[in-house]
Structure formats: structure tokens, C-alpha cells
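Scroll down for the structure; my scribbles are underneath it.
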Amino acid sequence: MAVLRQLTLLLWKNYTLKKRKVLVTVLELFLPLLFSGILIWLRLKIQSENVPNATVYPDQSIQELPLFFSFPPPGGTWELAYVPSHSDAARTITETVKREFMIKMRVHGFSSEKDFEDYIRYDNHSSSVLAAVVFEHSFNHSQDPLPLAVKYHLRFSYTRRNYMWTQTGNIFLKETEGWHTTSLFPLFPSPGPREPSSPDGGEPGYIREGFLAMQHAVDKAIMRYHANTSAQQLFQKLMVITKRFPFPPYISDPFLIAIQYQLPLLLMLSFTYTSLTIIRAVVQEKEKKLKEYMRMMGLNSWLHWSAWFLMFFLFFLIVVSFMTLLFCVKVKKDIAVLSNSDPSLVLAFLLCFAISSISFSFMVSTFFSKANIAAAVGGFLYFFTYTPYFFVAPRYNWMTLSQKLLSCLLSNVAMAMGAQLIGKFEAKGTGIQWRDLLNPVNVDDNFCFGQVLGMLLLDSALYGLVTWYVEAVFPGQFGVPQPWHFFLMPSYWCGNPRTVVGKEEEGSDPEKALRNEYFEAEPEDLVAGIKIKHLSKVFQVGNKDKMGIRDLTLNLYEGQITVLLGHNGAGKTTTMSLLTGLFPPTSGHAYIHGYEISQDMAQIRKSLGLCPQHDVLFDNLTVAEHLYFYAQLKGLSLQKCPEEVKQMLHILSLEDKRDLRSKFLSGGMKRKLSIGIALIAGSKVLMLDEPTSGMDAVSRRAIWDLLQQQKSDRTVLLTTHFMDEADLLGDRIAILAKGELQCCGSSLFLKQKYGAGYHMTLVKEPHCNPEGISQLVHHHVPNAMLESHAGAELSFILPKESTHRFESLFAKLEKKQKELGIASFGASVTTMEEVFLRVGKLVDTSMDIQAIQLPALQYQHERRASDWALDSNLCGVMDPTNGIGALIEEEEVLVKLNTGLALHCQQFWAMFLKKAAYSWREWKMVAAQVLVPLTCLTLALLAIHYTSEIFDDPLLKLSLNEYGRTVVPFSVPGTSRLAQQLSENLRDMLQAERQEPREVLGDLEEFLVFRASVEGGGFNERCLVATSFKDRGELTVVTALFNNQAYHSPATALAIVDNLLFKLLCGPQASIEISNYPQPRNTLQVAKDHFNEGRKGFDIALNLLIAMAFLASTFSILAVSERAVQAKHVQFVSGVHVATFWFSALLWDLISFLVPSLLLLVVFQAFNVHAFTRDGHMADLLLLLMLYGWAIIPLMYLMSFFFSAASTAYTRLTIFNILSGIATFIMVTIMRIPAVKLEELSRTLDHVFLVLPNHCLGMAVSNFYENYETRRYCTSSELAAHYCKKYNIQYQESFYAWSTPGVGKFVTSMAASGGIYLTLLFLIETNLLWRLRTFICAFRRRWTLAELQNRTSVLPEDQDVAEERSRILVPSLDSMLDTPLIINELSKVYDQRAPLLAVDRISLAVQKGECFGLLGFNGAGKTTTFKMLTGEETITSGDAFVGGYSISSDIGKVRQRMGYCPQFDALLDHMTGREMLVMYARLRGIPERLINACVENTLRGLLLEPHANKLVKTYSGGNKRKLSTGIALIGEPAVIFLDEPSTGMDPVARRLLWDTVARARESGKAIVITSHSMEECEALCTRLAIMVQGQFKCLGSPQHLKSKFGSGYSLQAKVRSEGKQDALEEFKAFVDLTFPGSILEDEHQDMVHYHLPGCDLSWAKVFGILEKAKEKYGVDDYSVSQISLEQVFLSFAHLQPPTTEDGR
């Protein structure tokens, strides 16, 4: 029942998501109906003609050759050839035949058939051969007689001559050639008579070509040879004529041709979009990790697939029902698209195809984890699986059954063949019926409709198996892969028995064994919601075991938040995955509310709430729907859902967003909803993985409040990288390292165990006395330690055990504040971050905790030597002083950076090597660049060779037995003895051949019309010939009737009659077996095939364009990637010139293009394509290809600006290349055919399309080939020259001629295009177009700026900000040169519907050795400021100066003095850390001899040496940020911009980065930094400003801002409660009384957290009061901190309006 409920829920979810994507759903419905509509429109447009009466044809005489043989051939006389020439019998018979006809001809004997074939092929007079009679007997002697069982074949001209004189005059048009001896019926049957207007039956021309006349003459000559006198007498009494079967009333319907050819394509196109949608939808859930989350909530994988399958099946059912209706409904006069087919069978066929399409889409989806890439590749694969049908269709009649079935393993080919069969059955007149399921269309065919349906279902099953297997073995990023042979393992099917280590009773206390000094005592009065006992997890990575967690034992209590901390890889996520049942544990137990995780997961999940690190939200479900969906998934009953959802919305404060889709929610609201999903349905156990990641300070606070409210009756496990979050939320904090639990206890307990004490920070006045301060501090607190002395701040560490001395210290400092030159001072207690770092170091070094002296907030150069030694030990820095600082000092003295030409050459080399590294590392792409063109061309040349090789028609025996068992009606209206005798002999002869003779007593033709009407299309296969014997006076007339629906029935009918006569004359042993074996092609026909080589050139060009479409697109990938990750911008900021950047790329890409081009020449040589390999034309082809490369590569660069994702760029540019090349090429080529009469338009379009390199390449290759073959033929002989003149076939002596078919204009165009596209590229890159636009908009923008500034200037300006502005507005030249960065009234307005003032007149000077922090909420203008300062955005007004150079006018010089670390890592995944630093060192102009030393120093300073030679893509987030910072620092730029440099780093990595930045600052660099981390700003910044709505609202040192804007203190205290129940209450009452207005922030487990307000409270007073209260109230421990910088920051929150999505 639960399964059914889950399935229904998933179907509801899928249906809702589909319903919300209105455009997609409409398109999915519309496209199939559109294509069905096209067929209906064609059905209505194409007029069918009703023929109400039977069509009866006249008799055809076969006594004489057709009239055109009366005219002599070009050679002079007709020749009648025979083989073998040495046989007297053969000669006699041939001479007899010659005398039979009244035309002038001579007999020509050949000793062997090979000689005859050579004569036909190579003798230019061979067109005079009328026919050849070849006897299939070995005459050993000339006198050998002809046996009674005669076998011979007739060989007529390959090209049917009666058509020769009716040609269109265009030799390039393909004539209907050959005798169709490979098939008995046409590929597509017709519902009416084949060639209804031809009494002689038309193609292949047995009567009009004289074949029957010759056949009858030879047969008569054989009879005369064996019975001369009797034969003579018989022929006098008898006449043989032929006649075409009459045809019953019919409807002539040309529409059926459209059905036969277009139905497969239209069906494929109908389902394409839906297939792509399926792929995208399924992969999107995987990409967004929704599938993994639903699995954690207890959803089975098979249910997930089943729900998708059912949903799409039901959708397809609706679509195909409509399609069937449109196909089968009568649109006019009882005519439909499929008039005769059974609608239920059509529906069954379409459903089978739908099922296979769904399965195919599922299969494709398993190979990808990115939805856009999956859809792009899926689209390509979907089309690609249809292309084999293009090869199958023309060869259908030649293919064996197994080949057809094999090709049907591609569902699109199976569908196409099924649609083709439907078309054939419709043309046959019966339509497809259930009774025809196992019957082929005709005797030629060996394939039936039932096999199509079977193959479609088999395909679905196979694709399903592949889906199941691939998902298990390659589950993607978020699953556990099975071994490749998992399906052979019994454990997969039967479950895996688990080894239980150290099984204990559930009730026992798991932590007793582990209790030591770092584990705080367990709370006695609380219930453990989660008990973890000796839990371990080992992962198998290759052949090695990797320990995930080891022997974890921990209790988590109800009503508490337990915070789990640890570095990346410490085991936090593994622990959560085990507790949620995503992986099974290797050993140990965990109990959640008494249920064991290995056995009772279904029960556990009912009360489990999960909030993964990422938002588990469906873009198109509303807030309420999410809560409803997940509540139901957890098992909440349908009746309770509405109330639960309503309550949860209230708790989350999201009532007003109830019906808003999740994609429109802000980041903070999304996290709230994710937490709501975890809370819903009464989840008693919550697991929250970094619930506030990616949120700003305001949103984070809101989540903290929510969790504090909701924890009362729940067990909460939370992980975080924010230590302040752990400090504030964690009732108990557990720290994991290397998979093992290191400590556990309250925040206060851990700080007491691991903390260093208090950090006291003093802000100095200009006349400050640091020595005096230091003496005073050490006098009161002897073991105090100087922490840092940098900028305007001085900081000390005061040990915690000295708190009783703090009152006197602070009192003395307050008293002597002015005397010592102290502007302000404050203190903060040890943070959780320090605890965390210390635990990590303890694990890493196995040192005693007391021996670890942790560098505190300020990571500065003045740290003690022991600190350096420790870091060296930890990080492998052998000589820490020789870091960035040392390098800088050294360089300032010795190093002169390259400039001018040397710098440009160095930068060119750096950029060139970057491209080379990309090709080297992305070898798969390089392989594709080479293999795709080679494969395309090779396949094309193979296909051309295979298809254009016009094989000589094979021999076909003209016998009824070829058609299987047939009915032969005959009538004997004649009463003569001869007629009776002939009819009896006919019966005997047919029965002997196992045919079915049927005597018709009435009129034979009426009988044939009646049977054809009754039997429909089946009649044409069962009845092929008929005979009648009439008397006409003394003469008996034997009529051989033939059913013209079969190609060879005329000759077969005559063969039966002639055999009948022969047997009458010579007895039953006599027989004549005749075959049709067309002649081989002669010179003229081969010449025509040379002209078809023109078509071959077209095919080569077409395939080359397909190959180049894929190859050319690859040149956009790196361009888009570099721009998307901002690496290109950072390279420009690092000093590289636009021309250097693009020309180096172009040079490498042209070299890359040259490789496949040369290999293409090898392929042409291998296939011996003369046009490109003879007469030095290889050089011409290489020139064409390289000019194409020169033109297309800059075009790809230019078009890369339209895309922000490399995969999208690649797929869409490939489509662009295909359309701009193939579509235009085909269009122009078709219009050039004279018969189309659009030659003038084709010339115009050809000139228009010259701007497209793809079109130029296609036309150039095609024209070159055509010109070569035409010229070669037309100059080969006088006869060829005569034909060329006669048919006006043109060629050019010079291949580079401007006129067609020369390639001059295409070559010129490609050469010019490259230059034009590069010019456009530089115009865009140098912002010339933007500058023009800026100039035009300048006046309007100034007015807008003034108006916007008036609007925003409401609040009075802060005094510090005003003073900074006034200093900058009156600058001196010296101060400008000495100050690394001056920002002067900088403003930015974005032109949009409502103009946005992003930055408003900010002014600032950053001095040497200063680190300036830029703080602000999202949308405050920080990033816009950075973009203007680095030249990425234009400046609206104001200016900025770097080293005295203006950003507006000297951006090139400015960039040489600037380092930049963008917010998101602008790194190139294909390079190593060392390679990137070397590249940027070159860009900065560091001399080559010094680069290695410089890079080594940077790596050492960044602690990146162990990772230096690893690819950047393998780096952790922290290492990437370090490398980004290193790039900003290398080359010693005067000003360094760091945009959120420590985002996503764990605390250890963050500290190391701070250290690097601090050392750079101390070396004299000016640093500007933005950050969301207030702690980071306190650690690094000497001054900072808070930005609101584009303006500075305050400015000064961190301590100055805290003293100016902050008020009050933060107090945490732990009270002993042993033996005294109300001790805590007494202490709370004391605080309320002593500190009026104090706010109780949090209370848990004998701990309280207060905010103490008031500016009048001094540090001395606070410590004095608390020291006295310590004994009186049993206070175990307490800590006091000044209000944090974060609280100052939050005090400005109300001034910032809600941000727009662009977050400027």
C-alpha cells in the first residue's frame, strides 16, 4: 500500500511539474499534431482521381521489333550477338532470328561471354549491339547439338534505348536505368495500376525495348531447330500475342508516395522534442540532487523510474491517440491519411515506438549528470540513430532478414521500417491489418509488421537493461557505484549480511569507555534520541580500503542541537549518510528512537527530517506543494497534510509565499523551505548539513532563531563551516578528524579545554606609546603575550586563568587612555574557530595540547618563532621567511620587469603555451577534432564508393517459381483441337511446376477484374500471369496475359506460352529456360557515371561540411570557458594585450586545424580521389581547408560571446555551422539544376552566402571536384568533347576562375572573412563599440546620474567618510604618486528600464601596507566597484588612479600595476597550479630567468607545494582560493584586489590564506578586500567601510567601528547545579538586577548567554562584577566579549533595500 501511495505521489509531482512548464508541454503536444496536420494538409491538397470503371488494355503484338530499331544506330548497322561463336547450333538459331525481323542487322559471334562484355564496355561502337543470345551450354565441338532442355539468356542494353531519345537534355539528371533484375516488385507498391497509361506495361520495358519480340523469335528458332516441319505448320495455325491484365475500378492517389517516403521522418520529428524533454527532466533531478534526497527519504530507485515511465507513457498515450485519430479519420470522400489501415494497429505501433523512445531517453540520461549537456548529446544521438535508415531504405530489397532485424535494434530505424511497411500496405490497397501482422507485403519481402512491433518492444527492454546496469555501475556524482559484475553477485539479489563488531545491549551507555578530559559529562536528565555505538564505514576505492569513519560512539539528546564539526573529508557527511540509510555501515550500530539503522530504516524515516547542504527544491513546485510532497513521502496521511502544511508555513514565516514557486524565492527563503521540509510531518530527528551555507548575515540569523525555536522536542544533528554558528547553536559540539571523534562538549567546555584566552585589541592614536602599553599590560597580566602590531592596531593575548586580574588592567587602561594614545580598546574571548584549529593540529601532530600555540585572529609577521616552526612542521615550509615578503623585498632592489617588445613576446609565448596545455590535457577533444572529420569523410567515401558503384544488373530467371506458389487462370473459349490440346498441356505443365492452374469458364478478363476487386492487394502476389486460347477463324490465338504490378511478368507469361508450344512439338521433356541478364555499361554510360561523379563531389562536400561543423565548434570551447570563469578578464587585468591574447589563440588553433586537414588529404589519397590527389591538387585542397580555418576560427571566437556555457556554445554553434553550411549549400546546388529554373536566384544567393565560411567551403570543394571531373571527361577524347558541346557542359581551365565551376570567389571570400571577423573581434574587445554607445548616451546618463544621486542623498554623511572625501578632493601630485590607489567620486549607473545607481560617488585612498575592507549586503555595489576598478565595467562618472595612472584613460598601464582575485575562481582546469603561476609571471613581465624562483616562493608562501603539479580541477575549494590569491600576488603588483578570497574554505585553509595576505600587506602592498566574513575583516583589515546602496556609510579600523557603532557586551556563563536546583535561576535574577535591559539570548544545560546593553559599562566594571559573582552563584566559567563587528554590520541592515536578482 505504501508503494502505491508513493507511486501516486510521484505521479502527482511529475504531472504538476509538467503542467507548470506550459511552453514545453504545449510544444510536446503541438509538434506531433503539427506533423500529423502536415500530412492531413497534403492529403487535402493532393487530389486523388477516382477511376470508376475497370481499365482494359489492348493486345500487344510481339512479332516485330519496336519501330526505333528501323533506324540504323550511330555505328551504321545493328548487330545481333551470340555466344558461343564456335557452335553451329547457336549460329543457326541466331541466323534464324535475324531472318525473323525485317530490319538490317548482322550476326556477330563471340567465343565467350567475357569477350562480349569487353566488347560492350570498351568499344565505342557497342551502342549498335541490338541484343545478345547467350546459350548456357558447353558445346565442346562445333557440331554438338542443342539439347531439348534449352537454357539461354538475353542480354539487352543496360540503358533502355527507347528512353534515350526522350532525355531532358540535362545529362546530370539521373535517368531511370537498369532492368530491375534485383527485385520482382517495385519497392513501394501502388494502389492503382503501375504506369496506367502504358498498354505495354512501361518499365522496365520488355515490350517497348523489343525484349519480348526477341525472346519469342529465339524460342521459335529453337523449336524450328528441334522440329522444323512441325514447328512451321504449328506457327501457321497459331499466333501468340501478349496483353496486360485489366485493372478493376480504383482511386489514383499520388499522396501514397508522400506517405511512403515522409511518414518515417515525420514520426521521428514528432517524438524528438518529447525525447529531449524526458532526458532533460530525468537528468535535472539527478543534477539538482533531488533523486538522491528522495532516496534518503526512502524512495526506491525502481519507483522513481516507474513514475517517470508511467507519466510519459500516459502523456504519449494522449498524443498518439490524437495522432491515430488524425491519421485514420476520413477527411474527405472516405479518404484519410491512412484510409485502409486498422486504427487499433496504428495506435499499437505508435505506442510501441513511444515506449521505445521513453526507454531510449532513460538510457541516454544515465550517462550524464548535467541536464543541458545530456539534452544536447541526446538530441544528437536521437537523430544519429535515425540516419542508418537512409542507408537501409535504398538497400531494403537486398537485405537479408537478419540484417533488417539487426538494424531494428535502433528504435528509430525500427519505427521507420514499420512506417514504410504501413505505407506499402496502404499502397497495396489493403492497409495494415491484424491479419497481416506476420505476412510480408509481397513475395520480394522477407520482413513483416509483427517483427517491427516485436523489435520495438525488444529495443525498449534492451534500453531498460542498459539503464539499470549503467545506473548501478556509474551512478554519477551522488551514488555508490556497484562493481561491474554486480548482477552476478548473490548479495545484490539476496541482501548483504553485515558483520557486527562489539554488539552491545541497546540500553548501555556508549560513551563511558571513551570518557576522558576532552569529553564533557553527559546530561543526566535528557533522553538520547540517537545512540551511535562503535560505528565504522570502510569504502572500497579501487583495490584499497578507505576509512570513512572509525569506531564512532556518540549520544545525541532530545531538545538539543548537536553540532558536528570537521574538515572536508573528516567523516561528517559519511556519518549523516549512514544515519539516513544512504549507505549501510561496515560495522557497529546506531539507534534512532530505539530503531536500528540497518534493520528498521523504514520506521526511522517516518520521523527523520533531512536538510542537505544543497536546496532539495523543484523549481516549479510552490512552497506549499513542497511541504505537501515531502510530508506525504515521509508517510503522513492525506487528511493530516493540510493542517501540517499550514502550521509549518506559519513557523517558517512563509505564509505570504505559500503559492510562490521555489525558483522565485531568495537564497535565504530557499534554505528556510529546505529546513521546513526537514521539520515537516513531525520529524523528531533532524539532520541539517550546513543549513546556512551561502547566506548573508541577516538571513543566517533568521535561520538560527528558527532552529532555536524548533529544537525543544527534537534531536538535531547539524554540521557547519561557520564556527560562530556552532558556538551559538550548539548545545553540544563534537569534532571529527580523520574519521574519529576527538572531543565533545558545550562551547564553553571546549573553549576552556582548548582556548588561549582573551584577545585585547587597542586602536592607536598618532602619538601612541606601544612600549608603555605593553609594560602596563604585562604589569597587570604577567603572562600576557603580544599578538600583533600592525597598522593602527595593537593586540594582546590574555590567558583565561588571569580573568581575576582583568578588572584592574581595564581600569588602568581606561584611566591612562589619553596619556598612552589609545583611541579605543576592546576584548573578545577565544572563538570556536580557534578551538577547531587547535583540535585539527593536535590530531595532525600528535603533540600535547599545551605545546600547541595557535596563531590567533591576526596572522602577522611579528608572530613568535615557535609559531613559524610549528607551521613549518605542519605544512612543509622549509624556510618560512623566504615567502612572498622576502621575494618582494628582493625584487624591488634587483628585478626589472620586461617592457615593450620583450613583454609582448613573453606574453604571446605564455598564451600560446596555455592553448598547447589545453590541447594536451583535453586529449579527448583533440582526438575528436581529428577523428570526427576523418570518420565522416571515410564513411562518406565508403558510402559513395558502395552506392555510386553502379553494379551491373544480375541475371534473373524468368520463371513463375521465383514468385512461390501462384494461381494461373486460363480460359479456352476456342473449340479447336489445338486450343483444347494446349489447355490440357498447360494444366499438366503447371501442376508439374507446383503452380495452381484454374480454368475460367466465362470471360477471363472479367474474372481477373472480379478477383482483383475481391482480393485487393493480395491478388497481385497470387496471380501474375494468365492465358487464353481463342479461335480466330482457322487461326488459334494464344494470349499471354501479365499482371503489370510485377516487373518481370510480361517475359514470364511469354515463357510459359512458348514452353507450352515447345512441349507440344517435342514432348514433355522439352523446355526452354530463359533469363534476363542486362549488358554491362558501355563507355557512354560510364561517362555519364563520371557526371554522376559531380554528384559524388556534392556528397564529399556535404560530409566534409558535417565534419567541419563539429570541428569548428570546438574552437569556441576554451574561449567560452575562459570568459565564463573570468580567467580571460584576469589575464587582461594581468597585462595581456587583446591582440596578443587572440593572435596566440588563432596561431595554435590553426596548427590544430592543420593536423586533421593533412589527415584528410591522406584519406583522399587512400581512396584515390583523383580530383584532389592528381596534378598537384593536394596543395589546392590544403589551401581551401586552411583558408576555411582562417575564416571559421575567428567567426567561432566572435560567436562565443553569445554563450556563457561551453557545452551550450558547442552544441548550438555546431547546429549553426550545419545550417550555415549544409542548408545553404543544398539550397544553392538544387537551384542550379536547369530543370528547376531558378538559376538566377541561385547566383544571387550564392553571392549573399559568401560571408559564411561553411558555405564557401562546401561550394569550393563541390565545384573543384565537378570542374576536375568535367574537364577530365571533356578533354579525354573527340567523342567526349562532342558530347560536352552538345549538352552545353561547362568547365574552367583555371580552377581559381571566378565563374562557376571555378572556386575563385570562394577562396577570396574566405581570405577576406578571416580579416573582417578578427577586426570585429578587436572592436568588441577594445570596447570601441561600447565607447561609441557611451558617448551617445553620455548626456542622458549625466542627467540620470544627477537625478538618482538627489534621490539617494537623504541621510547625512558619516564624519569619517566626509573627511576621507575632503582629503581626496584636494590632492597633491606627490600624494597621488605615493598612494597606490585613489578613488575619486566614482559612480556607476546601469541603463535599464528603471536606471539603477549601483555605485554613488565613493571616494577613498588606500596607502601602502594597508588592507582596506569593503563590506556590504548583496546588491550594495561592492562587486560593481571591483568591476570598474579592474576595467571590466565602464565608469559613469568620477575616476580612480592606480600608481598615478587613470583607470579611464590608461587602463593598460593600470593593469600592469594591479593584481586581482575575483569572487569566483578564475582558474583554468586544464593547467596545473605551477603552470598557472608561471603563465601569470610571464604576463606580468618577470624575466624568464627569475620565473621559477618567483613561482617556487609563491607556492611555498601559499603552502601549495604538495599540489603544485596537480591539475587545478583536482584542487579543493581552499586550494583554489589560495591559487587565485597567488595569481593576484605574483609579479608584485602595487594594488591587489581580493573579492571574497576565502569563500568556501574550511577554517584551517582560511587561516593559511589570511597569513599569506597579511604578509603581502606587510611588504608594502595596498590591498582591497571584500568579504561576507566579519572575522576575516577583523583579521586582515587595517581599515574598512560598510557600503549601503552604493555609498559608504562608515569608515575606519574594525575596533574604531566597534567602539563607535557597537554598544554593550556578550556574556556566556556556566553555573554549577550540583545539589542546588535553583542556582541557575538565582544567577539569572542577579544578571537582570545588575545589568538592567540585559537580554537572555539562549539557555541550555546550566548555561546562559546574555546580551548586556549600555555604553556606560566599562570593561573593568563588567569583569569586576562577574569576578565577585563567580563564587557567590557557583559560576564554573564565564566569558565576556565586546559586541562583534558582525553586529555593527547588521545594524546597517535596515538601510539596504531588498536586492534584485542580479545582485549588483
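Yeah, the Cβs are placed from backbone N, Cα and C, and that goes for glycine too.
Under DSSP, Ala570 (ATP 1 binding site) is assigned to coil, being neither helix nor strand in the three-state scheme. Residues or ranges marked as ATP 1 binding site in Swiss-Prot (evidence: sequence analysis): Gly566, His567, Asn568, Gly569, Ala570, Gly571, Lys572, Thr573.
Sequence annotations record features per position, and here Swiss-Prot assigns ATP 2 binding site to Gly1416, Phe1417, Asn1418, Gly1419, Ala1420, Gly1421, Lys1422, Thr1423 based on sequence analysis. Classification of Phe1417 (ATP 2 binding site) by DSSP places it in coil, neither helical nor stranded.
Here Swiss-Prot flags 530-763 as domain 'ABC transporter 1', drawing on sequence analysis.
For 1381-1614, the entry in Swiss-Prot reads domain 'ABC transporter 2', with the evidence type sequence analysis.
The N-linked glycosylation site annotation in Swiss-Prot covers Asn14 (among others) and is backed by sequence analysis. Cβ contacts within 10 Å of Asn14 (N-linked glycosylation site), excluding its own Cβ and spanning all protein chains shown: 20.
Asn53 (N-linked glycosylation site) is surrounded by 10 other CB atoms, counting those within 10 A of its CB over all protein chains shown. Sequence annotations record features per position, and here Swiss-Prot assigns N-linked glycosylation site to Asn53 (among others).
Residues or ranges marked as N-linked glycosylation site by Swiss-Prot on the basis of sequence analysis: Asn124 (among others).
Its own atom aside, the Cβ of Asn140 (N-linked glycosylation site) has 9 Cβ atoms within 10 angstroms in the protein chains shown. Annotation source Swiss-Prot lists N-linked glycosylation site at Asn140 (among others), citing sequence analysis.
Around Asn228 (N-linked glycosylation site), there are no C-beta neighbours below 8 angstroms that are at least 6 residues distant in the chain. The N-linked glycosylation site annotation in Swiss-Prot covers Asn228 (among others), and the record cites sequence analysis as its basis.
In the three-state DSSP classification, Asn620 (N-linked glycosylation site) falls within coil. The N-linked glycosylation site annotation in Swiss-Prot covers Asn620 (among others).
Annotation comment: Swiss-Prot describes Asn1350 (among others) as N-linked glycosylation site, evidence class sequence analysis.
Residues or ranges marked as transmembrane segment in Swiss-Prot (evidence: sequence analysis): 22-42 (among others).
Annotation source Swiss-Prot lists transmembrane segment at 261-283 (among others), citing sequence analysis.
Annotation source Swiss-Prot lists transmembrane segment at 307-327 (among others), citing sequence analysis. Cβ atoms under 8 Å from those of the transmembrane segment (307-327) belong to residues 7, 10-11, 13-15, 18, 28-29, 32-33, 36-37, 39-40, 270, 274, 278, 281-282, 336-338, 341, 343, 346-347, 350-351, 354-355, 357-358, 362 of the same chain, restricted to positions at least 6 beyond its ends.
Summarising the annotation, Swiss-Prot assigns transmembrane segment to 344-364 (among others).
The feature transmembrane segment is assigned by Swiss-Prot to 373-393 (among others), with sequence analysis given as support.
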Surrounding CB atoms that lie within 10 Å of the CB of Gly571 (ATP 1 binding site), all protein chains: 24
Secondary-structure category, per DSSP, in which Asn53 (N-linked glycosylation site) falls: coil
Alpha-carbon spacing, Asn14 (N-linked glycosylation site) to Asn53 (N-linked glycosylation site), which is rounded to whole Å: 58
Recorded stretches the transmembrane segment (1183-1203) and the transmembrane segment (261-283) touching, at least 3 CB pairs under 8 Å: no
Surrounding residues of the transmembrane segment (1310-1330) on its own chain - C-beta under 8 Å, 6+ positions past either end: 1138-1139, 1141-1142, 1146, 1184, 1187-1188, 1190-1191, 1193-1195, 1197-1198, 1201, 1251, 1253, 1256-1257, 1260, 1434
Average pLDDT across the domain 'ABC transporter 2' (1381-1614), rounded to a whole number: 85
CB within-chain contacts under 8 A for Gly566 (ATP 1 binding site), separation at least 6: Lys572, Thr719, Ile735, Leu736, Ala737
Within-chain partners of the transmembrane segment (925-945) [C-beta distance under 8 Å, separation at least 6 from its ends]: 391, 919, 1096, 1099-1100, 1102-1104, 1106-1108, 1110-1111, 1114, 1117, 1152, 1155-1156, 1159-1160, 1163-1164, 1167, 1169
Between Asn53 (N-linked glycosylation site) and Ala1420 (ATP 2 binding site): CA-CA distance (Å): 87
Same-chain residues near the transmembrane segment (1144-1164), Cβ under 8 Å, at least 6 residues beyond its ends: 908, 911-912, 914-916, 919, 926, 929-930, 933-934, 937-938, 941, 1104, 1111, 1115, 1118-1119, 1172-1173, 1178, 1181-1182, 1185-1186, 1189-1190, 1193-1194, 1197, 1318
Closest-packing stretch to the transmembrane segment (261-283), where packing means Cβ pairs under 8 Å, from 22-42, 447-467, 1100-1120: 22-42
Positions on the same chain near the transmembrane segment (447-467), where near means CB under 8 A and six or more residues out: 305, 345, 348-349, 352-353, 355-356, 358-360, 362-363, 365-366, 401, 404-405, 408-411, 414-415, 417-418, 421-422, 425, 432, 436-440
Alpha-carbon spacing, Gly1419 (ATP 2 binding site) to Asn620 (N-linked glycosylation site), which is rounded to whole Å: 26
Lowest local Cβ density (other Cβ within 10 Å) among binding-site residues: Thr573, Asn1418, Thr1423: Thr573
Any further residue of that chain within 8 Å (Cβ to the Cβ centroid of Gly566, His567, Asn568, Gly569, Ala570, Gly571, Lys572, Thr573) of the recorded ATP 1 site: Thr574, Leu736
Alpha-carbon distance [Asn140 (N-linked glycosylation site); Lys1422 (ATP 2 binding site)] in Å: 105
